[in-house]
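Q: I'd like to ask you about the structure that follows.
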Amino acid sequence: MNVALKTRILPAGEAAVAAAASCLAEGGLVAFPTETVYGLGADAANPAAIARLYQAKGRPAFNPLIAHVGDLAAARRIARFDTTATLLAEAFWPGPLTLVLPKAADCPVADLATAGLETVAIRVPAHPVALAILRAFGGPVVAPSANLSGHVSPTTSAHVQGDLTGRIDLIVDGGAVAVGVESTIVGCFEQPMLLRPGGLPRAEIERVLGRALAQPPADPDADSGQPLAPGMLASHYAPRTKVRLNADRVEPGEALLAFGPAAVPGSDGAAAIMNLSPRSNVDEAAANLFGYLRALDTKGARAIAVTPIPNHGLGEAINDRLRRAAVGRD
Ligand code: TXA
Ligand code: MG
């Protein structure tokens, strides 16, 4: 972006909600808190605003966006809900679940936001500020995570400011988010498919469905020529510092990202140490994950050594993000 924008920062409240709604209506870009991570919103029906959004994030335009709406009735104007989709929406919305569904005939979401796919990703966020903005604006808002493309998702407004000041119009500061990892994405295809593990644990979805979620094919591009979850690039969510997984000790000069109460050998020589959850709670670890990665990324460490994290509950999403952070950074 050539000319730096003046980015306003407002504390969450009635004035911020009104400012956000009018900014969106004018084609502006507004960062706001959701329960998962901060989102960067634009009017889903305004292609010029969406083009600005891709540019502000440095995001490839083949990576489609999630449309955020205030309730299931609004979602039904965008997409076609079969019985499975209705079941999941009624069970988990508002909440950290995104559904990928066939577009409705007169879907108002611009093709640019769906990267030309026949499907659209939708969610109803469970955050009072996000819902108030959606209600005040009155239409669907596309919102990727409010970080520069490829960077770690923001869980505080300070993270958003660090990445996007001068590139967007408004940041609504609603404090730290509760969940800390992005929404779980389920494709409502013939077989409901887990496209991205996230803030809603797989087991809760499978309990409601009464069956296991299908896994995406190992190489989703192979059959259809179109990726099922185009944003799931192998290297994503990456701090600048190399990430080393499943560490059972810290090498000199490494930073340590620990989990649980156990002492980690070599800690004395660590450049920095943070513990995602000393009491081994995966929900607490998810809430801390991106903030701690950002903090350890500033320590000038040789690498960030991460101890093993159990895969149950939100652990699946944590391990997914950590694997992506570790890819291709040796
Ligand atoms: O928790 C979240 O989901 C946050 C908050 C802000 O709501 N948003 C978020 O958006 O994580 P983003 O853009 O960072 O991730 C959206 C993901 C991408 O992996 C994208 O490829 C996928 O959703 N996606 C969007 N539309 C899709 C579609 N029609 N089919 C398959 N995947 C889709
Ligand atoms: Mg993102």
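Glycine is no exception: its Cβ is also placed from the backbone N, Cα and C atoms.
Checked TrEMBL, it gives:
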type	residues	note
DOMAIN	14-200	domain 'YrdC-like'
BINDING	THR36, HIS68, ARG123, ALA143, SER183	L-threonine binding site
BINDING	ARG59, ASN63, THR119, SER145, SER153, ARG196, TYR237	ATP binding site
Q: Find, for the listed binding-site residues ARG59, HIS68, the residue with the lowest Cβ contact count at a 10 Å cut-off, counting only other Cβ atoms.
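A: The binding-site residues ARG59, HIS68 were compared, and ARG59 has the fewest Cβ atoms within 10 Å.
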Q: Averaged over the domain 'YrdC-like' (14-200), what pLDDT does the prediction give?
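A: That stretch averages a pLDDT of 97.
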Q: Using a 10 angstroms cut-off on Cβ to Cβ distances, just flag whichever of ARG123, ARG196 is the loneliest among these binding-site residues.
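A: ARG196, out of the binding-site residues ARG123, ARG196, has the fewest neighbouring Cβ atoms within 10 Å.
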Q: Looking only at Cβ atoms, how many others are within 10 Å of the one on SER145 (ATP binding site)?
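A: Summing over all protein chains shown, SER145 (ATP binding site) has 29 other Cβ atoms within 10 Å.
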Q: With the L-threonine site defined by THR36, HIS68, ARG123, ALA143, SER183, which remaining residues of that chain have Cβ atoms positioned within 8 Å of the Cβ centroid?
A: THR34, GLY39, ILE66, PRO96, THR98, PRO125, ALA130, GLU182
Q: When you look at THR36, HIS68, ARG123, ALA143, SER183, which the record names as binding L-threonine, what is the longest CA to CA distance in angstrom?
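A: This binding site's residues have a maximal Cα-Cα distance of 13 Å.
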Q: Using Cβ-Cβ distances, find the residues under 8 Å from ALA143 (L-threonine binding site) that belong to the same chain and are at least 6 apart in sequence, listing them in sequence order.
A: PHE32, THR34, GLY39, LEU40, GLY41, ALA42, LEU65, ILE66, HIS68
Q: What subset of the binding-site residues ASN63, THR119, SER153 lies within 10 angstroms of SER183 (L-threonine binding site), using C-alpha positions?
A: none
Q: List the same-chain residues at least 6 positions away in sequence whose Cβ sits under 8 Å from the Cβ of THR36 (L-threonine binding site), in sequence order, or say none.
A: PRO96, PRO125, VAL177, VAL179, GLY180, VAL181, GLU182, SER183, GLY198, GLY199
Q: Among THR36, HIS68, THR119, ALA143, SER145, which binding-site residues lie by ligand 2, judged by Cβ under 6 Å to any atom?
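A: Close enough to ligand 2 are SER145.
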Q: Where ARG196 (ATP binding site) and ARG123 (L-threonine binding site) are concerned, what is their Cα separation in Å, rounded?
A: 14
Q: Taking only the Cα atoms, work out how far ARG59 (ATP binding site) lies from ARG123 (L-threonine binding site), in Å, as a whole number.
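A: ARG59 (ATP binding site) and ARG123 (L-threonine binding site) have their Cα atoms 20 Å apart.
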